[in-house]
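Undergrad: Handing you a structure now.
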Amino acid sequence: MEAPRVLWILSCAFIASALGSRLKTPALPIQPEREPMISKGLSGCSFGGRFYSLEDTWHPDLGEPFGVMHCVMCHCEPQRSRRGKVFGKVSCRNMKQDCPDPTCDDPVLLPGHCCKTCPKGNSGRKEAESLFEFFQEKDDDLHKSYNDRSYISSEENSDRDSAADFVAVLTGVTDSWLPSSSGVARARFTLARTSLTFSITFQRMNRPSLITFLDSEGNTAFEFRVPQADTDMICGVWKNLPKSHLRQLEAEQLRVSMTTADNKKEEIQGKIIKHRALFAETFSAILTSDEVHSGMGGIAMLTLSDTENNLHFILILQGLFPHGSSSVKVPVRVKLLYRQHLLREIQANISADDSDFAEVLADLNSRELFWLSRGQLQISVETEGQNSRQISGYISGKRSCDTLQSVMSSGSALTPGKTGGVGSAVFTLHHNGSLDFQVLVAGLSSAVVGMTIEMKPRRRSKRSVLYDITADFSATEERGSGRALGSCGRVEARHIHMLLQNELFINIATAEQQESELRGQIRMLPYNGLDARQTELPVPLAGQFVSPPVRTGAAGHAWVSVDEQCHLHYEIVVNGLSKSEDTSVSAHLHGLAEIGEMDDSSTNHKRLLTGFYGQQAQGVLKDISVELLRHLDEGTAYIQVSTKMNPRGEIRGRVSTKNISIFDLHIIYVTEVNFAYDLFESLQKKTVICDPVICPALSCPHTIQPEDQCCPICDEKKESKQTTAAEKVEGDPEGCYFEGDQKMHAPGTTWHPFVPPFSYIKCAVCTCKGSTGEVHCEKLTCPPLTCSRPIRRNPSDCCKECPAEDTPPLEDDEMMQADGTRHCKFGNNYYQNSEHWHPRVPLVGEMKCITCWCDHGVTKCQKKQCPLLSCSNPIRREGKCCPECIEDFMEKEEMAKMVEKKKNWRH
């Protein structure tokens, strides 16, 4: 620390002792106390009898009569020893020198603040904004006496930190050809990489049918069709923004518009802007006018101080000031009301040029805080003068499409353990302050005796329980499992603020671990477009669900859904996965997420989903096999996370999707065949090279030849009769299951992979890696040749070879073709030059949408080229290759009927 700061703190300590303090030592410690850490192996700082995590910041408390030193900020800085061990070091600094200069003559020092501000009634806008900036930087109000936002590690917040937040106020469009609207909407946007998610709430209008993003020139950049629902919340995502639109978004040049499809044809529109208050907002309000089609509206973004009951707010207003007076200051009154009774009032002069207005309502009393938590406080903005205008709205907890959820693990318990249990919770905060919860626990060591919502304890022996929900818990028949379903009806405003700032926890106590067996942080999971979160509960992932069970301190839960294209969408959240000992490596691979089939009779072939670098992973799996879809439909599939310590799975959960029908499976199969043909054509540059089908060797004594297949197969009826009892007892041998030929292969064996419908691929070799069940395939490397004209002796050979010196090389075509115009061989048929045909595929039949022709001995095939359609909902009729617009189809039908009628008239 610098010498002036040390002397300043020493002088405070000297004054404290000189005023007759009973303490023999200074009340403000200026060095970390040499006392044992709160938890063995936990890095942090011990200061003033309290333990602080790394990166914690706080204002030191001198105790009575001095209280909290608001102008001193202490920080637990991470340090590294020579051996690489991480520890914490306390440093404190005086913040008074960073205070902004007040613009008024008589500034005042408000209670609980370090910097002086202008009194109410003066032009205090600059001071209020400076205060909000202090709040944003966590250097003034955010001294974390309730909890610590840096408790969430930087690794857990890495995705969120890389995101950017935007906001828009949408009001009636006065210059539109559509009738104006009385509606007002508030839209919040989050940009993560190239995807822009949005949460929109609206008032005084019907539910919109279309959301349109407009570029800097007013052209449509993206359209989102709003699904029908009985709610005032709209959730959506704009994926893969072009770079030009990303630049316009950052430059605040994009606009968003919402229109209705009813008879009114309303439209509201607003500009998308960045705002510093979005990160700290915990309460909000939409401000509307009682006038019809006024074009006025606004939003209020509010937050509580973490210690004092001060309500910071920022207003963004639209249409409140007359046109043509953008730079003229207009006197306004901002009122805080309860049932039309005035509680607080702030006067200020603002203009239309001001993008927002910031202020602080200090020292809310207990009644005002109660009304705030119940959504009963109203904020009003009114201009003064003859033609006064007014907009107002009710304040409630911030609403969005994000999900309040928690994963509870034994590794995060107050006394960390490894039980393999899991807890999964989802919460819903309503505008009246009630908090609904759904909690599921499984794999616990003993019966649940306590379920509580708490703050982070400052001391290990002193828990801060806020709400006890044990009475809502019901145990299930399975040992160590159960669920709780209920609501907390009286959540305080302070606790709503902490909840929406990720500062609360849920704790599970059991008969064997009466303080804490499972614990998890209640976190806001940002919306990412996965609709399953809105309607489904997550699947719990636990070590107890792995076969055999794993005693781990990790746990998780996952949302899984299958869309109309049969693509698997997944999102996984974990808690307590083993991390790298080197905390400087923020991108450490914690584990691998996999999906597989819970079928012990087979070798449980798995699919890799993604790698885990933090607490959350998400993605889409498109190439799903029919077999995996069937397992998902039957509820016999699982998702698991494997780690280096547990490569066969550390946590697992059974997943099921009940929206897959047999018809869908048939469509998937046909789609896979079409995709295979497309891939084959692209690889061969639209030239088909046909090889004879090589039939696998069969070990069974009885075979049959199906009519629709090329190769014989074993007669299962005769084989099943000859199965001995000893073979039944032995069970399945160890080995590898290969998806292509759907066969078991013995450990150590090699084979050419079978890829339907192209038979065996002789240019690749697969190997069964021992008893692990892993199949490793690699492309064959052909040896270098010294001859100038190598040949392929057999069409099925992968590598060419040099011909014998005494044998002139013959091309394959020359071996099959006679002199003159060469014909083509496709399958078992020969075709003359220039002849056209539709190829036939086993199990599918004739491919009407593919045409092949013979071009001087070379077979070429091409898929029918479909025209581009301008309609948004094309249809595909049975037996047709290309989709068509329903409007064109209806028009053709009408024309056909007219022609038929004319024919009848003639007859």
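Even glycines carry a Cβ here, placed using N, Cα and C.
Okay, so TrEMBL annotates it like this:
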type	residues	note
SIGNAL	1-20	signal peptide
DOMAIN	43-119	domain 'VWFC'
DOMAIN	162-277	domain 'CHRD'
DOMAIN	279-400	domain 'CHRD'
DOMAIN	406-527	domain 'CHRD'
DOMAIN	533-660	domain 'CHRD'
DOMAIN	734-803	domain 'VWFC'
DOMAIN	822-886	domain 'VWFC'
Undergrad: Between the domain 'CHRD' (406-527) and the stretches 279-400, 734-803, 822-886, work out which stretch tops the count of Cβ pairs under 8 Å.
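TA: Answer, by Cβ pair count: 279-400.
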Undergrad: Could you tell me the mean pLDDT over the domain 'VWFC' (43-119), as a whole number?
TA: 75
Undergrad: Counting by DSSP secondary structure, give me helix, strand and coil numbers for the domain 'CHRD' (279-400).
TA: 8 helix, 60 strand, 54 coil
Undergrad: Of the residues in the domain 'VWFC' (822-886), how many are helix, strand and coil by DSSP?
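TA: Tallying H, G and I as helix, E and B as strand, the rest coil: 1 helix, 26 strand, 38 coil.
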Undergrad: Please list the DSSP helix, strand and coil residue counts for the domain 'VWFC' (734-803).
TA: 3 helix, 24 strand, 43 coil
Undergrad: If you run through the domain 'CHRD' (533-660) with DSSP, how many residues end up as helix, strand and coil?
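TA: Each residue of the domain 'CHRD' (533-660) counted once, the result is 15 helix, 50 strand, 63 coil.
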